[in-house]
Structure formats: structure tokens, C-alpha cells
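Listed in Swiss-Prot for this protein:
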REGION    1-62  region 'Disordered'
REGION    334-366  region 'Disordered'
REGION    703-724  region 'Disordered'
TOPO_DOM  1-88  topological domain 'Lumenal'
TOPO_DOM  134-198  topological domain 'Lumenal'
TOPO_DOM  220-226  topological domain 'Cytoplasmic'
TOPO_DOM  248-280  topological domain 'Lumenal'
TOPO_DOM  325-397  topological domain 'Lumenal'
TOPO_DOM  441-471  topological domain 'Lumenal'
TOPO_DOM  489-498  topological domain 'Cytoplasmic'
TOPO_DOM  520-562  topological domain 'Lumenal'
TOPO_DOM  584-977  topological domain 'Cytoplasmic'
TRANSMEM  89-109  transmembrane segment
TRANSMEM  113-133  transmembrane segment
TRANSMEM  199-219  transmembrane segment
TRANSMEM  227-247  transmembrane segment
TRANSMEM  281-301  transmembrane segment
TRANSMEM  304-324  transmembrane segment
TRANSMEM  398-418  transmembrane segment
TRANSMEM  420-440  transmembrane segment
TRANSMEM  472-488  transmembrane segment
TRANSMEM  499-519  transmembrane segment
TRANSMEM  563-583  transmembrane segment
Amino acid sequence: MSEQATSSGLESRSNGLRERNLQASKSAADRDVASQSLEDKLQVEEGEADTEKKTFGRTPDGTVFTVPPTRDMVSQLLSPSEPKNISDIFVLAILGCHILLLWFLPSSFRVAAFAVIFLFWRASYNIGIGWLLHMQSNGRTLVCWAKKSNIFVNPSTGQNPHPTLYKLLKWELETKISEQYSFEEAPTEYNTWLVFRRVVDLILMCDFTSYCLFAIACGGRPTGESFIMLALRWITGMSLVLFNLWVKLDAHRVVKDFAWYWGDFFYLIDQDLTFDGVFEMAPHPMYSVGYAGYYGISLMAASYKILFISILAHAAQFAFLVLVENPHIEKTYNAPPPRKRVADTDTKPQEDENSHEGSVVSDTLSSAPVIPPLQPSSMHSLLGLHNIDLYRSTDQSVLLAQVLFFALTTLTPSTPVYQFCFVLNAALWRIWYSVGIGYILNRQSNCKMWTRHFVKYGESNHEAWRQWKGTYHLSMTMTYASFIAAAWKMYSFPQDWRYGLVLLRHILGASLIALQIWTSTSIYESLGEFGWFFGDFFFDEFPKLTYSGIYRFLNNPERVLGLAGVWGAVLITSTKSVVFLALLSHTLTLAFIQLVERPHMQKLYGQSLRRDAGLVRSLKRSLPPSLKQIHGSVDKILDDSFEFIEEFIEAARPKLAAGVQTFVKDTSALFQKYPARVTISRLEPDLAGYDLKDYSITLEGTQPSRPAQFERASDKEGERARSMPYRRGEQENLMFEYGAPIKVKWTAPLNHSKKDWVGLYMVTDNTSREVTRVSSQGRWIATNQASFDSETCEQGLISSDIVLKSSRDDGEPRDVASGEMVFSGDKLWWTQGVFEFRYHHNGKHNVMAVSRPFEICIGRFDEDDIEVDNYGLVRAAVEAALLPVVQNCFDRDPEIAPQTVEEHYGCLVDRDGKYSKRVVFAVHHMFGIEFAPEVVRADGNIRNLAWRICNAKKVLAPYSMSRSNGASTPTAAHEED
């Protein structure tokens with residue numbers, strides 16, 4: 001179910017809770033109330049109390065309504081005291097059919113039949129409901145269906161063609177909700193949600209029932225199982241089922257029916273929401289720990305079939321979360337904050353962290369102020385396969401080391417000698433990763449040892465940071481590569497997968513490995529590149545703690561979950577050597593957290609450190625006082641033990657310092673388009689009633705810069721083609737700016753179809769002028785509102801069906817319908833080329849009119865037309881050229897597009913990579929310099945980006961063939977000199 005719900009006016013906090021932004025205000029009316037008699041005050045307070053008991057909803061168009069109280073699904077269906085209607089009886093009848101099917105089916109068919117039935121209902125849940133919610137989130141499709149069919153309109157108005165369905169829905173919904181609800185007065189969004197709920201009830205109940213019946217069909221007792229194992233299996237299974245039941249009940253207590261049935265896809269509510277209980281224990285508890293009952297039932301049934309189908313269902317639920325719920329939650333509740341406004345820009349230009357050759361770029365380039373970033377730039381990240389850069393020495397070293405490990409692991413025999421060598425190698429790398437890296441960070445925290453070394457040789461703290469990231473990244477990858485290699489050497493394939501617990505061990509081991517991968521990914525998403533590489537050990541000017549993501553539930557997730565994979569390897573291999581490596585890894589990790597991370601965090605953040613995470617707080621609230629005292633005693637024992645270890649290490653430090661320093665010195669130098677879908681459309685039989693001469697499309701847009709218009713007339717052509725072509729007509733070629741909105745004006749007969757639409761295509765995509773055979777890929781706008789089952793197709797529609805006086809070529813007067821629409825943002829092509837608009841008939845692909853072809857182009861920056869000095873380009877001209885282009889790339893949205901060169905980009909630029917990719921594409925064609933999208937996000941404003949372009953131009957100037965940009969090939973005149 002939807003696990004997060006809020007309303008307009010709710011603001012997202014770092015700890016993940018969403019609370020209403022209440023602003024207390026005093027007015028004259030308040031003072032009048034204060035002067036009333038005591039009786040009047042009591043009446044006012046009672047009225048306010050009654051109002052506070054109500055929940056108010058708000059539709060996207062701003063309509064406010066009272067949200068009636070509703071009952072939960074199980075009570076509605078199974079409680080005899082609840083009134084039943086036709087939909088309840090229908091659901092109960094379907095459930096009864098499932099039970100009867102189990103009773104009457106032969107035992108040989110039960111397992112296969114109920115496996116298919118359960119998979120059908122699971123697909124209906126994750127794929128069916130998922131698709132409906134996805135369409136509702138992006139285009140409000142369900143509400144559009146309801147409005148288009150008029151099923152909620154009173155038949156007495158004559159607009160509802162389904163009076164019987166109207167009466168049935170009215171009786172159904174008012175029977176279920178008897179308080180504070182009126183079918184006629186409720187908004188369409190709320191009524192649509194109520195109907196959607198009934199569909200969800202059917203699918204969820206059948207999904208759970210078919211799963212339980214499938215477990216009954218597969219259940220049994222393994223041969224030779226002892227009574228102790230039987231009791232342990234059932235006790236554990238029942239515990240998991242009861243825990244699952246508590247999770248669901250507590251989650252419903254917190255989020256109520258509104259979020260349980262994804263109400264925020266339809267409307268929002270105005271009320272205080274506090275997320276506690278199970279939502280403090282685990283991320284997405286409804287989909288994570290909320291499926292523990294599946295594994296409990298699998299355990300009680302003692303069937304691998306149940307276990308495998310449970311894993312499949314759980315994976316499908318996570319896919320539903322990632323593909324449907326998370327995007328909607330991000331879009332609805334985590335709106336980007338307002339853009340930062342910079343008033344004082346009298347600062348020095350930022351230094352590129354990846355180069356320190358200051359002599360290459362003239363000091364005059366930094367004469368204008370550049371806004372520095374708040375922390376080290378992460379434009380060239382290290383982690384992730386997509387960030388691998390073979391031009392970077394760190395990535396080269398990592399890849400070569402991995403290839404070497406793979407070759408040694410696969411080409412050497414698994415003899416005891418080799419096994420010992422691999423285990424020893426893994427142990428040494430783990431010791432270095434925890435002890436060696438821990439010592440470096442400890443020295444860096446206390447005396448900036450790492451940074452001082454680079455400053456001694458004239459480097460900056462950014463260079464020290466860059467080298468540290470390479471060292472840590474190489475150490476981390478080598479540690480895990482050596483552990484995997486050792487585990488592989490100790491592993492042997494089982495001869496019989498059905499023997500004992502072999503298969504179960506592999507399943508649990510793989511699950512633990514997947515858990516560690518997910519934990520590491522969540523940690524990286526919460527901390528970012530800066531936190532992952534312990535950036536606050538190197539840059540302590542910005543001490544700020546945020547508990548978001550996985551840190552909302554755990555203070556140190558790497559303490560347990562972060563090492564789940566090594567214990568998964570223990571289960572899979574079942575060897576003492578891997579157990580030793582797992583114990584060593586876990587012990588050293590705990591010591592690293594206690595001796596390195598914790599002291600630094602206390603020193604840097606002090607009292608702002610959180611004592612207990614959400615999970616610990618929940619457990620403490622549920623523990624009896626005696627167990628709480630035991631918990632405190634255990635904490636004291638651990639603290640005393642680590643203090644003893646720390647004192648021991650401090651005493652031995654002088655003996656180890658010289659050797660470690662030598663080791664550090666000796667090793668310091670080591671290191672756009674989706675495929676088009678072909679659509680075949682037949683000519684509509686009613687096209688004969690329309691005159692194509694009544695259809696037309698005209699365009700208006702922003703003209704490109706002067707260099708773009710004259711690029712085709714240059715010295716590249718023959719002598720006769722070096723001037724602009726002579727044009728006999730009055731119309732000139734249509735050329736528009738890259739990313740600029742284009743206004744489309746259309747005309748059509750008065751009786752044109754309300755489902756007509758206009759699409760944008762490349763001229764070369766369609767060979768036929770009568771039928772469009774290529775998908776528009778979302779680049780289309782409907783000519784009329786409420787004609788399609790989506791609101792996205794209406795974005796950009798300005799007007800429609802305005803009657804114009806017109807005349808045909810023969811002089812005959814004729815009235816036509818006209819309209820206007822604007823294509824912008826995602827409805828444009830973000831590339832250069834020749835395009836056209838096509839007017840289509842009746843929701844099909846029959847073409848009624850085609851616009852004039854027009855060209856989208858990016859003019860190259862003309863360096864010869866600007867003033868230059870002895871040091872190169874003037875950055876002000878680059879800034880002036882970039883400003884309109886960047887504004888177009890950011891859809892001219894005032895929330896993200898800068899109005900001046902100093903103004904910061906909106907935060908949405910960091911969240912959605914499409915904006916920065918548009919900018920680097922334009923920069924590449926304007927200046928001939930290719931940047932990574934991360935550069936745009938890291939620079940943060942146009943002034944920084946212009947400085948970086950000038951920097952790149954100056955660095956690349958010696959390799960330019962232009963005399964103004966650098967040394968060119970010597971000529972005869974040079975040779976004579």
C-alpha cells in the first residue's frame with residue numbers, strides 16, 4: 001500500500017517525517033473572540049473541536065471537501081455487523097469459489113492450479129493496479145475516464161448516459177459510507193477513488209486467499225523430521241506470521257485508509273501526519289518486513305515451492321514500489337526547494353579539483369566573480385559501473401587488479417596451499433582496509449596528516465581529497481575481491497541439492513548477499529560521494545547532519561546489515577576458513593566504527609548526534625524495564641572494552657608510527673531516444689466528409705542567433721554557393737532556437753473531431769504525407785480538452801474551437817475552427833534537425849495537414865566577433881551567449897531557470913539529469929567542448945560554467961588550428977622569418 005501520505009502544505013524533513021506547516025496568526029477576529037463571554041468561548045471551542053475531528057481533502061483543482069470516515073477492508077467483508085452490498089457479496093463469492101476449487105480439485109492438479117491462480121492475482125496486483133496508478137499519477141487517467149463517461153453526473157441533468165450504473169454506484173458507496181458522505185456532492189476524484197478501492201479489495205483478498213490455499217496444497221512434513229524440528233519450524237513460522245500481522249495492523253493505524261488505498265494518487269488531505277510505530281523500524285515496512293508472513297507460511301508448509309513463489313511475489317512487490325510508488329512519492333511530497341539567490345558574488349573563482357596547473361590559465365580569466373561550490377565537487381564520481389573512466393588512473397588500477405584476481409582465481413587449482421594463500425590474502429586486505437585506512441583517517445581527524453602531506457608539496461586540499469578517494473576506492477574493491485576469491489576457492493558444488501539444508505542455505509546466503517548490496521546502495525544514496533569517502537574528515541567547514549534514507553532507522557547500518565553478505569558467503573560455503581574471514585571482517589568493522597568514526601563524529605558534531613535510531617526507539621518502547629536495564633549494561637560493557645583497546649593501541653602507537661609513516665610514503669603514488677514503434681493506421685471511412693483545404697498549421701517561434709542563420713553560407717561551398725540563396729517568394733526558411741517553445745496555430749472545419757491532435761516529428765521519420773507511421777513518443781497535444789484519457793496531452797493547449805471567418809481559394813467564404821498550442825519542454829526534440837508538425841484526425845494517424853518544415857539549430861559561438869585581449873576570450877561574452885540557451889534547456893521554468901548569470905540553478909536540475917544533458921549538448925555544438933553532465937550540476941550557475949568553458953578553451957588553445965585560438969601550422973611566411 002502507499003506508505004507515505006501528506007497534503008499540500010506539508011513539508012518534507014530530513015528524518016523522513018512529514019508534518020504540516022502550521023503558522024499561527026493573530027487577527028482582529030481572534031481578539032473579538034477573546035472578548036466574548038465564557039459561554040461563547042466554550043461554544044467556539046466546541047465548534048473548533050468538532051471541526052478538528054474531520055479530515056479535509058483537497059483535489060488538484062483546489063476543491064476542499066470533508067473526507068468521510070471509512071472502514072478497513074477485512075471488517076467490511078468479514079464482520080457480520082457491517083452492512084453488505086453487491087460488491088461485498090461478489091468478492092465473498094469469488095473467495096468461496098477458490099475454497100471450493102481446493103476441495104474438489106484432484107490432489108495431482110491442486111498445486112499447479114493454485115500456483116497459476118496466485119500468479120494471476122499477483123500480476124493483477126503488481127501489473128494491473130500498478131499500471132492504473134502509474135497512469136493516474138502521470139495523466140490522471142482514472143479521473144479522466146470518470147469525467148469523460150459522466151458516470152458520477154446525476155441523470156436528471158441529461159448528461160449521464162448510464163443512469164442504471166449511476167444508481168448502482170450511488171447505492172453501493174452510500175451503503176458503505178453512511179456518515180458525512182453524499183454521492184452527489186463528493187468530488188469526482190473522491191468517488192473515483194472509492195470505486196478504485198472496490199477493485200483493490202477484490203484483488204488483494206483473492207491474492208492473499210489464493211496464496212494460503214496454495215500453501216495448503218503444497219504443505220507437508222519432510223520425511224524423517226524430528227519432533228523438535230517440527231515444533232521449531234511451526235513456532236518460528238507462526239512468529240513470523242504474527243509479526244507480519246502486527247506490521248500490517250500498525251501500518252494501517254498510522255496511514256489509515258487514505259494511504260492504504262493510494263489515496264494521494266487522487267487527492268491530498270489537510271491534516272497532521274506523524275509516522276511512528278512500524279514506520280520507524282524499517283524502510284517501506286509494508287513491502288519489506290511486511291512480507292515476513294510469506295516466509296513464515298513457507299516454513300510451516302515445509303515446501304520449497306512456497307518459498308520460491310514467495311520470493312517471486314516479494315520481488316514483484318519491490319518492483320511495484322520502485323516503478324510506481326517511489327516516483328509518485330518523489331513527485332508529490334519531495335518537491336525541490338526554492339532556488340538559492342546569491343546577492344553577494346564578490347568571491348574568487350573555484351578551482352577545478354581535477355587539475356592544479358594554474359599556470360595554464362591566465363589570471364585574467366578570474367577577474368569576474370565565480371560562485372564557489374559549498375563542498376568538493378562530485379562531478380566525476382568513482383562508484384558505479386556507469387562512472388568507470390578508463391582515462392583515470394584509479395579506474396585503470398582497479399580494473400587491472402580485478403582482472404588479475406579473476407585470472408588467479410579461475411586458473412589456479414583449489415588445493416590446500418592455494419586455499420591458504422587466498423584466505424591469507426583476504427585477511428591481509430581486510431586488516432589493511434580496517435586498520436590501515438582507520439589509522440590514516442584517525443591521523444587525518446587529529447592532525448590533518450593526509451592533507452598536510454600534499455600541502456607540503458604545493459598541492460591543494462582538493463588534490464589531497466582526490467588522491468584519498470582513489471586510495472580508499474582501490475582498498476575497498478581489493479578487500480571484497482579478495483574475499484570473494486577466497487570464498488570461491490573454499491566453495492564446492494553440492495552433489496545433491498535436495499540433501500539436508502543445502503538448498504535452503506544457498507537461498508538464505510543469496511538473500512543475505514542481496515541485503516548487503518541493497519544496504520550499500522542505500523548508504524550511498526543517503527551519504528553521496530562526499531559521505532561515502534569520509535569527506536567530513538577532510539572538509540570540516542560544513543558540519544551538518546541529516547538522518548535520511550536508511551539512517552532514519554539505523555545509526556550505523558554497516559555494523560550489521562552492511563556485512564550481511566559475508567555471512568551469506570558463510571552459509572553458502574559452510575567452511576571454517578570463511579567463518580574466520582567473516583568474524584575478522586565483522587570484528588574489525590565494529591572496531592573501526594568505535595575507534596575511528598565515533599570519536600570523529602563526536603568531535604565534529606557534538607550534541608547534534610542522535611543517541612537512538614528509529615528501530616532502537618521502537619524496540620525500547622516495547623521492552624520491559626528489566627530488559628532495558630540489561631541493554632544499558634551491555635552498552636557499558638562494550639564501551640569499557642573499546643576504551644581498553646583504545647588505550648592499548650595508544651600505548652603501542654610510538655612503536656608503529658615510524659613503520660606506518662614509511663608505508664604511507666612508499667605507497668602514496670599508486671594510485672536519446674526510445675526505438676520508435678511502427679504504427680499502421682487505416683484511412684478512416686468518414687474522411688470524405690472533410691475538406692483538407694480547411695486544415696492548416698502555422699508556426700511561431702524564437703529565431704536563432706545570427707551565426708546559426710548564416711552557417712550554410714560559408715567558405716566550405718563552391719564560389720556560387722557562398723552567399724545566401726535568392727528567394728523568389730516572400731517566406732523565408734523557418735529556423736528556431738534549440739529548446740525554445742514553439743507556438744502552433746491550427747484551423748479545421750467546424751465539425752472536426754474533438755479527438756484531433758497535433759504531433760511533432762522529424763521530416764525524415766515519415767515517408768507518407770497521408771498517414772503517420774511513427775510514434776510521436778509523447779510529443780503531441782490534443783486540440784480539445786477532455787478528449788483523451790490523460791491530462792498530459794492537454795499540457796500546452798491554449799485555446800480551441802474559436803470560430804474564424806475564412807475564405808477558400810475560389811473566394812467562397814467559410815467559417816473554420818481555430819486554436820493555439822505551445823510545444824515546450826518534453827514535447828520538443830532536444831537535438832538539431834529538420835522537423836514538422838502534423839495534424840491528425842479523430843485520435844488516429846491520418847494526416848489532415850502538415851506544417852512547413854522548420855530547422856532547430858544551435859549557432860556556433862563566433863569568437864572572431866567579440867573583443868579579445870592578450871590572454872584570450874572575454875568571459876562576459878560567453879556568459880551572455882549561454883544565458884538564453886540554458887534558460888531554454890531548463891524549459892524557461894522560473895523555479896529552475898536562472899534569470900542572471902550569477903543565479904543558482906533550481907534543485908530540480910540535480911534530481912533530473914535531462915536538464916544537464918541538454919546543456920552539455922548545446923555547449924558542445926556552441927563551443928566545440930564536450931563536458932560531462934555532472935559538470936553542469938557541479939558548477940551550479942552560468943558564471944561558473946562560463947569560467948569552465950574559458951578555462952577549457954585556454955587549455956586546448958595550443959591544439960587549435962585557428963590563429964586566434966592558438967598556434968597553427970607554420971606557413972611559408974613564418975619559415976622566411
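The backbone N, Cα and C atoms fix where each Cβ goes, and this holds for glycine too.
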So which residues does the transmembrane segment (199-219) touch in its own chain, when a touch means Cβ under 8 Å and the partner is 6 or more beyond its ends? 73, 76-77, 87, 90-91, 94-95, 98-99, 101-102, 107, 110-111, 114-115, 117-118, 121-122, 124-125, 128-129, 261, 294, 297-298, 300-303, 305-306, 309, 313
With a cut-off of 8 Å between Cβ atoms, can you find at least three pairs linking the transmembrane segment (499-519) to the transmembrane segment (563-583)? Only pairs 6 or more residues apart in sequence count. yes
Residues outside the transmembrane segment (472-488) whose C-beta sits under 8 Å from one of its C-beta atoms, at least 6 past its ends, are 382-383, 394, 397-398, 401-402, 405, 408-409, 419, 422-423, 425-426, 429-430, 432-433, 436-437, 533-534, 566, 569, 572-573, 577-578, 581, 585, 670-671
Proximity verdict for the transmembrane segment (420-440) and the transmembrane segment (304-324), three or more C-beta pairs under 8 Å: no
Surrounding residues of the transmembrane segment (227-247) on its own chain - C-beta under 8 Å, 6+ positions past either end: 221, 278, 285-286, 289-300, 302
